[in-house]
Structures are given as structure tokens and as C-alpha cells.
Ligand SMILES: Nc1ncnc2c1ncn2[C@@H]1O[C@H](COP(=O)(O)OP(=O)(O)OP(=O)(O)O)[C@@H](O)[C@H]1O
């Protein structure tokens, strides 16, 4: 792996270091390089290295890249994980018997489980609320525990979810022998704070803790790391970019990075300033928003692309996409799968998505599927629809895998025969049946209903399902329909093509909120809804809220490698272009 001089310098620093890294500067490379170096140092000792990242996707990315640098047996010496899994595996799981209610063990409560749904429904019912939608479930899944044990979260400030409801919910969670992500952190904090032997064990075990995306750290995470640092045997590499801190609603506070760095006397004189992602004109726009010293410079393969970012104002974002953005992609030979439309809020992407789909443009997003992903029949149905949309022999493997997992999650039985010659024959029968139903039915819902019935028959004949299990898929389809109704999705609007796109989003135009685009990159990006009142939102009044909106816009700008389009909505004459587009306070296109 080739590193630049500044990447190498950061990776070789043996002191506590807070490394500020500009967008596209290869933070992941530095972390992988550091990790492989320090694993080498601890290889012949009982010690280990933890690498804490923000998402599971980042965990997989770092794991995959590290494979090229390690030796057999090294896996005992490193753990790449999120802060939640770090706390779960090293603190909460081994010591949970010390916590009231968890003497006999626990199960982790994940937001896509049936238990979660039941507990939220039961809690809300107790407070007189019966009809729940996705947002209600989201609010419970975003609850956090503050360092004083109180409930915190955006829903609490809005008043939709009260501290009493949060308390009741957590009581139910504990009584069911479950623990949610918020409490994994809180109990781990308590265990480290109150039990010096546990703190000494963690400090002795971890020679290094590397933390990625440190700008998005929360108060409880900082307190946990502070305790470990104070125990004195662990060194830290913290990598982040204060200008990309956009998760304030989830408790992230960019100022905490400095607080923690000071507490541990970390060096903060090193920076990554070379941006490998964006062209020079895009970097110039980003530098207008947040000038850095030294400035961020374009150093990657697109650095010499000369296309200037463009601003278009129209009463219809759809028209700009169709008349301007898509032809521009074609003119520059950028596949639509390598392009994204970003917006400050995901809900404005829904109507756009619908119109694009009607117009025949393959899109993926916005946001999640309109039904819960854990519905038993959903993954198999999606894979099969994906195959029908694009006959690709490699997708057969994905269908086999999803058939294997569908049978396992529906029945609890493992059928390795799925992967045999006979299994492949069953897959072909399913595909043949799916295709003939596709020719018969217009929308996805009718297709799902018939496919659930016919697939069950085929799988019973193949011996994968018992006759008594013939209704399992049908029941899952009913659950998917109920999810969609609860989310006010018009069932007639869901197309078989949509199901396929959920399975293989690679070749579709991506529609995403700016938040969800964090950490990703695209050859072309259009950012829509760039009006004052939408970004910053009219409810954002404090300097802190406005700055977070500016950082969100900065994240959007720096996702584009070569082509960037700003779109404002001219239908409402009161809301002119956002201040972030103007000369005095932004990129200066208007
Ligand atoms: N030394 C290098 N040589 C060549 N390419 C590099 C180098 N370092 C990073 N890159 C490339 O630069 C791109 C951006 O890297 P990466 O995604 O790690 O950036 P990042 O710092 O996480 O950005 P952001 O914070 O904006 O998400 C990747 O495509 C990566 O392969």
C-alpha cells in the first residue's frame, strides 16, 4: 500500500495523536497502515489493538484491507469494531453478571428484531398511543443514555417521546433479559468507573486504541475512553475532521475531540491535506466553505478535471435532473450508477424518486425499503426480482445464499443442499415461476402474494419446507403490506423493479440524504433543495445549528469526484438560494 509522506508520518507517530484529515485524504489507509504496524508490535505479547469505527460498513472495509498485511494468528491481537461492539465484547459481556438484571446473561436488542417492535408497541400502548409509524420506531432506536443515566435524544427535545416513556421502555427491555445499544455503552461506562479491576484489565489488554471519525464522538464515548486513558497503559490515534461533524442529533459534538485530545496530551500538529477524491474546482469550492491551514489540495486522479460546479434554479428539480444532469452524465460517459442526487432531508427525495421511476430511470433510495428488512420473504423476493431485471449469472450465487438464509430464518433449519446441483435446480424452478408470475402481474404486491404461494409449493416439494410451513411466506408478505400501509406507502406504487433494485443497487442512480452520503463518493453529484430555510433549516437559529448545516453542505460538496451540480427550488419566491451558495458566506455561485 503506497502512502504519501503525510500519511506515512501520521501512521509512524508513536505518541498519542489527534490527526485532522480533510475529505478524501485516505483516513482508512492511514488507519490500516497504523493497525498493521502496531499489531506487529504486540504479536508476541498478550496485548491487542482496538480499531473503533463509526459503522459496520467501515469495519468490513478496514478488515478487508488489513487482510493483506497480517499473519495467521494475528486475529487474537486486533479487534476492528464499532464503539458498541467494543463495549459489548470486552466490557459488558464478560462482566454483565455484576449488573442488576443481567446475572443470568442477556440478548442484544436490535432495532430490526421482532422483540424491539413488540417492546415499543407495548410501551406506547401503555401511554395511549396505538398507531405507530417508522418514525416512532426510529425515535426509540435513537434513544441514548447520558452520563448521568438520563434519557437523551432528539425525540425527547421535540416532546414526541417523553423521559417517562423511555424509562418504561428500558424497564421492559431489562425485564425481558435484553440490552439495547444505548445501555451497552452506559453499563460499560459504569463498570469501568466503579470497578478498578475491570478498568485495569482493559488498559492492560489494549496497547493502542485507534478511533476513526472521531469528530462524531458523543459524551459517553469520550468518558469511556478517558477512563481507559487515565489507567495509563493505552495509546491513542484519533482520526477525524471537525468540518464533517454532522451527527449532532445523535449526540455527536465536534468540540469533544479537542477536550479529549487535551486530556490525553495528544499531539495535534499533524494533518492530512491531500484530497484524492475531488477535482481542483470542487476542492476550491470546499475551501471557500472551510479554508484550512495548510489548504486542502486536489492530488488524486481527477485533480485535473476542469469542469466547474454549476448552479441551476428551477421550479422542478425533476426537470433539472432530466434536462440537464442526466444528459451531462451521458456527455461525460459517467454511468448513472456512479452518480447521486443528495438532499438535506430524505422526504423531499420521495416525490422526485417516484417521478424518475415513472420516467424510466432506475433509482435506488431514498432511505430504506418501505417494509422492514427482517420480513422473512423479503430478501429472497428482492434477489429474484433483481435477477429478472438483469439476467446476470453471478446473481445465482446471491439467490442461493438468500434461499439458504430464508429457509434458516423461517424454519430454524440448515439446508446445505441448497448449494448442491439439486439446489441449483430448485433455484431455476423458482426463477421460472417468478418470471411467469411477472408476465401475469402488474405491481409488486400481487407478484409477492402469488410468489409466496408458489415458492412455498416448490420448496415443500424439494423438502426444504414442511407442509405445515406452507403459509410462512404468505404471512411475511402480509407483514410487508402492513408495514407499507403504516408508512402511508401506496401499495399500487411499488413495482417489481423496485424490489430488484433493493437487491442490486449498483447500476441505479442513488438518491440519498446528505447525512447518509457521509463517507461515500460518486463521480457526479447533484445537491437539490439548496434554499435558505431548507439548508440551513428555518428552525436552525443558534450559531451551532447553522454551522452544523454548513458542515452538512460541505460533506455533500466533497462527495463529488468530477461533476457537481447545485439545484435550488424557484417555486417559492420567499426562499431564495441558501446562504451557502452565496459569495459572502459560501461557494459564491450566486
Ligand atoms: N496514498 C494514496 N494513493 C492513492 N490513492 C489514495 C491514497 N490515499 C487515499 N487514496 C484514495 O482516496 C480516496 C479517498 O479515501 P478515503 O475514502 O479513505 O477518504 P476519507 O479520508 O475517508 O474521506 P472522507 O472523510 O471524505 O469520507 C479513496 O478512493 C482512496 O483509495
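Glycine too: its Cβ is placed from the backbone N, Cα and C atoms.
These features come from TrEMBL:
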type    : residues                       : note
BINDING : 21, 22, 23, 24, 25, 26, 27, 28 : ATP binding site
DOMAIN  : 1-279                          : domain 'UvrD-like helicase ATP-binding'
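When the binding-site residues 25, 28 are compared by the number of other C-beta atoms lying within 10 angstroms of their own C-beta, 28 comes out lowest.
Around the Cβ of residue 23 (ATP binding site), a 10 Å sphere holds 25 further Cβ atoms from the protein chains shown. If you draw a 10 Å sphere around the CB of residue 21 (ATP binding site), it holds 29 other CB atoms from the protein chains shown. For the ATP site, the Cβ centre of 21, 22, 23, 24, 25, 26, 27, 28 serves as reference, and the other residues of the chain with Cβ at most 8 Å from it are 241, 272, 275, 276, 277.
Residues within less than 8 Å, Cβ to Cβ, of residue 24 (ATP binding site) and separated from it by at least 6 positions along the same chain comprise 275, 276, 277, 278, 300, 521, 558. When Cβ neighbours within 10 Å are tallied across all protein chains shown, the highest count among the binding-site residues 22, 27 belongs to 22.
Listed in sequence order, 3, 4, 7, 272, 274, 276 are the same-chain residues at least 6 apart in sequence whose CB falls under 8 Å from the CB of residue 26 (ATP binding site).
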